[in-house]
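Q: My questions all concern the structure below.
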């Protein structure tokens, strides 16, 4: 099984930006969590991070032809307004889970709406970095790979 984990804008700044919201652990720590989970479960996890909308869309489209079985995506702020990322996700007929480290529903009003979630299989919010691991567990339980 191959899972693509896409992280959008500013996720590379984990541990630097707004620690009270996103925690003190940094992006390399998140990558190590994902790597450990992949080894434990005997699956392949491919990670991708970009601050650019077009690069994220390109990577989603690449998943169509590179044997990706599922996508976990944290679109960052693009969650709330990127219909282009939404359309790219909708075009790939594999499980997709949207993850947010913070509980976006307890934050500013503009964060309460996700334009990308309706084209995803599910959404996990507010559980910190653990949300990524829960998304992996959910995908594994779907028996797709």
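Glycine residues also receive a Cβ, built from the backbone N, Cα and C atoms like all the rest.
Pulled these from Swiss-Prot:
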| type | residues | note |
| --- | --- | --- |
| SITE | 17 | site 'Transition state stabilizer' |
| ACT_SITE | 22 | active site, proton acceptor |
| BINDING | 74, 80, 87, 101, 102, 111 | substrate binding site |
| ACT_SITE | 100 | active site, proton donor |
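How buried are these features, and what lies next to them?
A: According to its DSSP assignment, residue 17 (site 'Transition state stabilizer') is coil. Residue 17 (site 'Transition state stabilizer') is surrounded by 11 other CB atoms, counting those within 10 A of its CB over all protein chains shown.
In the three-state DSSP classification, residue 22 (active site, proton acceptor) falls within a helix.
DSSP assigns residue 80 (substrate binding site) to a helical segment in the three-state reduction.
In the three-state DSSP reading, residue 100 (active site, proton donor) counts as strand. Contacts of residue 100 (active site, proton donor) defined by a Cβ separation under 8 A and a same-chain sequence distance of 6+ are given as 74, 79, 123, 124, 125, 126, 131, in order along the sequence.
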Q: Taking just the CA atoms, what is the gap between residue 87 (substrate binding site) and residue 22 (active site, proton acceptor) in Å?
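A: Counting only the Cα atoms, the answer is 27 Å.
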Q: Between residue 22 (active site, proton acceptor) and residue 80 (substrate binding site), how far is it from one CA atom to the other, in Å?
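A: With distance taken Cα to Cα, residue 80 (substrate binding site) is 18 Å from residue 22 (active site, proton acceptor).
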Q: Count, for each of the binding-site residues 74, 102, the other C-beta atoms lying within 10 angstroms of its own C-beta, and report the residue with the smallest count.
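A: Relative to the other binding-site residues in 74, 102, 102 has the fewest Cβ atoms within 10 Å.
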Q: Over all shown protein chains, what is the count of other CB atoms within 10 A of the CB belonging to residue 87 (substrate binding site)?
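A: Taking all protein chains shown, residue 87 (substrate binding site) has 14 Cβ neighbours within 10 Å.
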Q: Using Cβ-Cβ distances, find the residues under 8 Å from residue 101 (substrate binding site) that belong to the same chain and are at least 6 apart in sequence, listing them in sequence order.
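A: When sequence neighbours closer than 6 are ignored, residue 101 (substrate binding site) has 14, 21, 22, 23, 74, 126, 127, 128, 129, 131 within Cβ distance under 8 Å.
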